[in-house]
Amino acid sequence: MAAPVLRVSTPRWERIARVLVCLLGILLSLYAFHVEREHARDPSYKALCDVSSSISCSKVFGSRWGRGFGLLGSIFGNDSALNQPNSVYGIVFYAFQLLLGMTVSAMAALILMTTSIMSVVGSLYLGYILYFVLKDLCVICVTTYALNFILFVLNYKRLVYLNEAWKQKLQAKQD
């Protein structure tokens, strides 16, 4: 016997928060991509996020860790198609979170949660590199780390909410 189809929806505040967080993430990632491209084209380029020598996003984006998380170039080679600027991965991640967040399937909720966990782990890794290795503060980077954590919380709340809603709907169908 097939599993019953249970129609539920997520709270409106969650959908609005997801759209805002994902759009902000996409915009910041596009700006990071722009800064990296301009800095590569003109090394004297000064981005809006370059406040001082220790608060500089273009210094971070231009570093080894600004592409492929500092790992993919070592594994696949610097010319590999996978060794893209981190901002490209950010654009894909936030677009994916936005689009998949429009569905309420159990599989989508699990994928959203799994990718959020991966983004938080990646943020912790890059935050460590930022602070302890590069000894820099990148406002764009830190903001995206915060957005990743907010998405993690949203996805966790979504999973809990949908689980509870499905339980209630299933209970009502059985009664």
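We count from 1, first residue shown onward.
Using N, Cα and C of the backbone, Cβ positions are placed for all residues, glycine too.
Fair warning: this is a prediction, and the values are worked out from it, not measured in the lab.
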Same side of the membrane, S9 and G62, by Swiss-Prot annotation: no
Cysteine of C57, C138 paired with C141 via disulfide, per Swiss-Prot: C138
Of the candidates C22, C57, the one sharing a disulfide with C49 in Swiss-Prot: C57
Spatially closest candidate among C49, C57, C138, the listed disulfide-bonded residues, to Y145 ((S)-warfarin binding site) (Cα to Cα): C138
Neighbourhood of C141 (disulfide bond) by C-beta distance under 8 A, where only residues 6 or more apart in the same chain count: A32, C57, V60, L126, G127, L130
